[in-house]
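Features as listed in Swiss-Prot:
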- GLY34, GLN35, SER36, GLY37, SER38, GLY39, LYS40, THR41: ATP binding site (BINDING)
- 2-236: domain 'ABC transporter' (DOMAIN)
- 265-285: transmembrane segment (TRANSMEM)
- 519-539: transmembrane segment (TRANSMEM)
- 571-591: transmembrane segment (TRANSMEM)
- 604-624: transmembrane segment (TRANSMEM)
Amino acid sequence: MIFLKNICKNIGENAILKNVSLSIEKGEFVAIIGQSGSGKTSLLNIIGTLDTPSSGTYVFDEYEVTKLNNDEKARLRREKIGFIFQRYNLLSLLSAKENVSLPAVYAGKNLQERSQNAKKLLNDLELAHKLDSKPNELSGGQQQRVSIARALINGGELILADEPTGALDSKSGIMVLEILQKLNEQGHTIVLVTHDPKIAAQAKRVIEIKDGEILSDTKKEKAQEKLILKTMPKEKKTLTLLKNQAFECFKIAYSSILAHKLRSILTMLGIIIGIASVVCVVALGLGSQAKVLESIARLGTNTIEIRPGKGFGDLRSGKTRLNFSDLETLRSLEYLEAVDAHSNTSGVATYTNISLSARAEGVGVNNFAIEGLRIDAGRILNNDDVKNSTNVAVLDFNAKKNLFPDEKSENILGRVVLFNSQSFKIIGVLQKDTDKPIEDNVVRLYIPYTTLMNKLTGDRNLREIIVKVKDDVSSTLAENAIIRILEIKRGQKDFFTFNSDTFKQAITANKRTTTILTACVAVIALIVGGIGVMNIMLVSVSERTREIGIRMAIGARREDIMMQFLIEAVMICTIGAILGVILSIFVIFAFNTLSTDFPMILNAYSVLLGLLSSMFIGVVFGFFPARNAANLNPISALSKE
C-alpha cells in the first residue's frame with residue numbers, strides 16, 4: 001500500500017528526513033515513535049500527501065505521489081486517507097455531524113447519504129446525542145471521536161493519527177487507542193505517530209526514528225489479513241458534486257458573515273452607497289429627462305418655425321417678410337399635420353385703472369396645440385374668430401395675474417380689456433406655463449393673427465410661420481424639404497428655420513453627458529467598495545488559514561477553496577447591492593414625496609445593472625484573496641495559530 005524509498009526532506013540547509021525507506025502493507029497497525037524534532041510528523045505528513053519530499057520516491061496504492069499535482073493529492077486524501085490530529089482540528093462554526101460530513105461533501109455524496117453515514121459513525125462512537133453540538137460544547141475525548149468519525153466518512157483505508165492522545169486525559173486516551181485497534185481489526189491501515197513507548201506498544205509494528213533516520217523497524221507479529229475496503233471509483237464532475245460545492249460554500253459564507261456582523265456591514269457600506277448611487281443617478285437622470293422631454297412636447301414637439309432673415313439677430317430681417325402665399329404653400333404639404341401663422345406687436349393692455357406693457361400674439365387656431373398651450377378657463381380661438389378678424393383674446397397666466405389679481409379665471413370671461421385702444425373680449429385664460437426652460441414675466445394676449453394685421457399693425461406680412469410635422473415623418477427630412485420648397489418659391493434663401501427636435505436632442509445629449517459623469521462618480525464609489533471587500537477578504541483568509549488547512553487535509557481541491565472565498569466575496573457584494581437597491585427605493589420615494597418639480601423614475605435595468613455589477617465587483621476583487629487561499633501550503637496552513 002505504501003512504499004517509500006530514499007525520502008529526504010530539507011528545509012533550507014536543515015535535513016529533516018534523511019534517505020528514509022520503508023513499506024507498509026494494507027491492514028497493518030504501525031507506530032512511528034520518536035522524540036520531538038525527530039522527523040516523525042514530517043514523515044507522516046509526506047505519507048498523508050500534505051507535504052512533498054525534497055527527493056526520493058513515494059508510491060501510494062500504485063500511484064507515484066511525487067508526480068501528482070495538488071488536486072490529485074487532494075483526491076487521494078479525500079478518497080483513501082483519514083487524518084486524526086492531536087488538536088482535533090474541527091471547524092468551530094460547524095456541528096459535530098457537519099464536521100464529520102465535510103469530506104463527503106468534497107467527495108460528491110448527496111445530502112441524505114452523507115447525513116446517514118455521519119449519524120451512523122457518531123452513533124458507533126457513542127456520540128449520537130451530540131450530533132448538533134459545536135466543538136466548544138464537546139470535551140476533548142468527544143472532539144477526538146468526532147475527528148475519528150470524520151476520518152472514516154469516505155472509507156478511510158489509511159488512518160493517519162498524529163499524537164491522537166496527546167491532548168486527552170488517560171481515560172479518553174485509552175478509549176481512542178481501543179477505537180484504533182478495532183478499526184485495524186476491521187481492515188483499516190493505521191499509522192500512529194507518538195513519542196510515548198507505551199502507546200507505541202499498542203501497535204503491531206513499531207518504527208523508531210531519530211534525527212530524520214530510521215533506527216529500528218520491528219514487527220511484533222504478522223499483521224492480520226482482514227477485509228480490504230474497496231477502492232473508490234474514478235472521480236467524475238457530477239451535478240451532485242457541483243451542488244455540494246455551491247451549497248457548502250454558501251453555507252460557510254453565510255456563517256462567516258454572521259460571525260462578523262459589524263465588519264461585514266462596514267464592508268458592505270461601500271457597495272451599498274455605490275449601488276444606491278447608481279440607481280438614484282439613473283432615476284434622477286430619467287426623471288429630469290422625462291420632465292424636459294414632456295416640457296418640450298408641450299412646447300411643441302415635431303415643430304418647425306420659419307422666420308425671415310438669416311438667423312436670430314439678423315439686422316436685415318426687418319426688410320424680409322413671409323406672406324400668406326408661403327403659408328398656403330406649406331399647408332398643401334401632406335407630411336405636415338398643422339400649419340399656422342404667427343405675428344406679434346407690443347403695446348399697452350388696460351383694464352379699469354390698471355395698465356401694463358404687453359404683447360399681442362397674433363395666432364391661428366392650431367397654434368395653441370402646436371405650442372402646447374393649455375386652457376384653464378373658457379375656450380381658445382376658432383376658425384370664425386380668425387376668418388372674421390374678431391376682437392377676442394385669450395389671456396396668458398401673467399396677463400390674468402396682473403390685470404385681475406384677486407379673481408378666478410372663470411369669473412373674468414366676457415370682460416373687455418383694451419390693447420392699444422382696441423377693445424378685446426376675454427374668451428379664455430391659459431394655465432401657467434411651467435414647461436418653459438426659462439420663466440418670463442411678459443404679459444401676453446393671444447388674438448387672431450388677422451385681427452392683429454388688420455386692426456393693430458396694418459402689416460399684411462407674417463413674422464413667423466409655425467408647422468407641426470406628422471409623427472411618422474422625420475422632422476429633419478421635413479425641415480430640409482420645407483427649406484428647398486420655400487427657397488425655390490421665393491427665389492432665394494432669405495429665411496431660416498428652427499427645429500424643436502434640435503433643442504430636444506441638445507437637451508437629451510446634455511442629460512446623457514451629465515448622467516455619464518455622475519455615473520462615473522458612482523462607479524468610483526463601487527470600486528472603492530470593491531477594494532474594501534478585497535481588504536476584508538484578505539483579512540478573512542489570514543484569520544481562517546487554519547480552517548483552509550483543515551479543509552485541504554480532508555480532501556478539498558484548490559477550486560473548492562477558491563470557490564468558497566469567491567462566493568463569500570460575491571455574497572457580501574450581492575447583499576450590499578440588495579441593501580443599496582432598497583436604500584435607493586426609499587430615497588426615490590422620499591424625493592418624489594417632497595419634490596414637485598420632477599419625479600425620480602426607478603429603472604429596472606439600472607437595478608439589474610447594479611446587481612450584476614456588484615457580483616462582478618465581488619468576483620474581481622475577491623479573486624486575489626481567493627487565489628491566495630487556494631495556493632496555501634496545507635502544512636503551513638495547519639500550523640497557523
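From the backbone N, Cα and C atoms, a Cβ is placed for every residue, glycine too.
Note that this is a predicted model, so its numbers are computed, not measured.
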Query raised in the report: For the binding-site residues GLN35, SER38, which Cβ has the most other Cβ atoms within 10 Å, all shown protein chains included?
Result: SER38
Report summary line: Relative to the transmembrane segment (519-539), the stretch among 265-285, 571-591, 604-624 with the most Cβ pairs under 8 Å is 265-285
**Report entry** Those residues of the chain, 6+ apart, with a Cβ under 8 Å from that of THR41 (ATP binding site)
**Finding:** ASP162, VAL193
Report summary line: Once DSSP output is merged into helix, strand and coil, THR41 (ATP binding site) belongs to helix
Query raised in the report: Of all the binding-site residues given, SER36, GLY39, LYS40, which residue's CB has the most CB neighbours within 10 A?
Result: LYS40
**Report entry** Chain residues in Cβ proximity to the transmembrane segment (604-624) (below 8 Å; excluding those fewer than six residues from its ends, i.e. six or more beyond)
**Finding:** 271, 274-275, 278-279, 282-283, 526-527, 529-531, 533-534, 537-538, 565-566, 568-574, 576-578, 580-581
Query raised in the report: Where does the mean pLDDT land for the domain 'ABC transporter' (2-236)?
Result: 85
**Report entry** Winner by Cβ contact number (other Cβ atoms within 10 Å) across the binding-site residues GLY34, GLY37
**Finding:** GLY34
Requested in this report: Starting from the ATP site formed by GLY34, GLN35, SER36, GLY37, SER38, GLY39, LYS40, THR41, give every other residue of that chain whose CB sits within 8 Å of the mean position of their CB atoms, in sequence order.
Outcome: HIS195, ILE209, LYS210
